[in-house]
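For reference, Swiss-Prot has these:
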TOPO_DOM  1-31  topological domain 'Extracellular'
CARBOHYD  4  N-linked glycosylation site
CARBOHYD  18  N-linked glycosylation site
DISULFID  21-185  disulfide bond
TRANSMEM  32-52  transmembrane segment
TOPO_DOM  53-67  topological domain 'Cytoplasmic'
TRANSMEM  68-88  transmembrane segment
TOPO_DOM  89-111  topological domain 'Extracellular'
DISULFID  104-189  disulfide bond
TRANSMEM  112-132  transmembrane segment
TOPO_DOM  133-146  topological domain 'Cytoplasmic'
TRANSMEM  147-167  transmembrane segment
TOPO_DOM  168-195  topological domain 'Extracellular'
TRANSMEM  196-216  transmembrane segment
TOPO_DOM  217-258  topological domain 'Cytoplasmic'
TRANSMEM  259-279  transmembrane segment
TRANSMEM  281-301  transmembrane segment
TOPO_DOM  302-342  topological domain 'Cytoplasmic'
């Protein structure tokens with residue numbers, strides 16, 4: 001006698017390989033939507049941040065300690081788009097990892113390294129803005145290009161060293177050998193991190209973020225006081241030098257506001273992922289795959305948001321984009337073009 005009920009067909013990532021992961025693909029319509037959304041975010045992260053780097057490095061008027069930090073931050077976000085988002089897009093939509101175990105480790109290493117690099121960049125930018133707002137007279141001597149270069153070096157060397165040491169020595173899953181063995185399959189890229197290392201990761205994210213929030217709270221209070229002072233004195237201004245100082249003060253306040261929005265966007269984007277992996281490590285890795293992917297892509301999309309924030313708040317960036325896209329940037333004298341409306 002034959003049964004009228006057939007067993008559901010199990011799809012595998014690699015049909016002809018023993019120990020292959022199970023594939024749980026989306027419907028064709030959902031796949032198109034997801035690929036479109038993720039491709040847009042990836043391309044924006046790559047080309048948007050490429051525009052930021054080109055603008056700062058090409059136009060001499062933008063050669064300042066703060067802008068060099070912004071360009072370096074854009075480089076970290078650019079690398080997220082190139083080395084992380086494009087491959088994560090395939091993993092998310094296809095529910096399989098087709099790029100090999102070695103590249104899975106490299107992918108995870110880059111993911112963590114560039115995240116912490118962004119945190120440190122933003123933290124140093126906060127310190128820079130705090131100095132320029134609280135002590136503008138000595139800012140030029142305190143936060144020089146050399147100091148900015150040291151901050152940039154630290155923002156790259158520490159995260160790359162930490163991430164490489166964790167993932168390439170295997171200490172991330174010490175004590176979780178049974179769980180790793182149970183979850184291990186061909187076509188998967190799920191990095192397991194022990195509770196101790198997850199807690200360290202959380203603190204590495206939380207402490208600099210807390211410092212940034214405290215600094216920007218002070219910055220905005222001071223900027224508000226300066227705004228009141230400017231409104232009071234602007235009507236009494238007679239000399240062109242005083243008028244120039246007021247314009248510069250307004251520009252610095254706007255820069256502080258823009259970078260504050262950047263920090264807020266970073267915290268909102270990365271907090272769900274950071275909290276999720278912290279809870280997951282102490283609850284037995286029970287987070288559903290779709291929740292984990294939502295948290296991941298919320299964090300990834302932060303790399304695409306910064307160029308949009310700059311375009312929205314910085315007139316000089318919009319002007320630089322026009323010059324780059326029009327080809328005027330190729331002219332011999334383009335690097336000396338004035339980008340500020342003064």
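Positions of Cβ are set from backbone N, Cα and C atoms, glycine also.
Locations of recorded Swiss-Prot features on the structure.
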{"residue": "18", "record": "N-linked glycosylation site", "DSSP class": "coil"}
{"residue": "104", "record": "disulfide bond", "DSSP class": "helix"}
{"residue": "185", "record": "disulfide bond", "DSSP class": "coil"}
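Residue 18 (N-linked glycosylation site) is surrounded by 8 other CB atoms, counting those within 10 A of its CB over all protein chains shown. In terms of DSSP secondary structure, the topological domain 'Cytoplasmic' (53-67) contains 12 helix, 0 strand, 3 coil.
Other C-beta atoms found within 10 angstroms of the C-beta of residue 189 (disulfide bond) number 19, with every protein chain shown included. Across 68-88, 147-167, 196-216, 259-279, 281-301, the stretch most heavily in contact with the transmembrane segment (32-52), judged by Cβ pairs under 8 Å, is 68-88.
Between the transmembrane segment (281-301) and the transmembrane segment (147-167), the number of CB pairs under 8 angstroms, six or more residues apart, is fewer than three, so the stretches are not in contact. Residue 185 (disulfide bond) has a Cβ environment of 18 other Cβ atoms inside 10 Å.
Non-local neighbourhood of residue 104 (disulfide bond): 97, 189, 191, each in the same chain, at least six residues away, with C-beta under 8 Å from its C-beta. Long-range Cβ contacts of residue 21 (disulfide bond) within its own chain (separation 6+, distance under 8 Å): 12, 13, 95, 96, 97, 185, 186, 187, 188. Taken together, the residues of the topological domain 'Extracellular' (168-195) have an average pLDDT of 78.
Counting residues of the topological domain 'Cytoplasmic' (133-146) by DSSP class, helix then strand then coil, yields 11 helix, 0 strand, 3 coil. Within the chain carrying the topological domain 'Extracellular' (89-111), a Cβ under 8 angstroms from the stretch's Cβ atoms is held by residues 13, 21, 23-26, 31, 34-35, 38-39, 42, 79-80, 83, 163-164, 166-168, 187-189, 191, 289, 293, 296-297, all 6 or more beyond its ends. Per DSSP, the secondary structure of the topological domain 'Cytoplasmic' (302-342) breaks down as 30 helix, 0 strand, 11 coil.
When Cβ-Cβ distances below 8 Å are used as the criterion, the topological domain 'Cytoplasmic' (302-342) is approached by residues 41-42, 44-45, 48-49, 51-52, 54-55, 58-62, 70, 73-74, 76-78, 80-81, 85, 118, 244, 247, 251, 254, 257-258, 261-262, 265-266, 269-270 of the same chain, each at least six residues removed from its ends. Sequence-distant contacts of the topological domain 'Extracellular' (168-195) (same chain, at least 6 residues past either end, Cβ-Cβ under 8 Å): 12-14, 17-23, 91, 96-99, 101, 104-105, 107-109, 201, 277, 281-282, 285.
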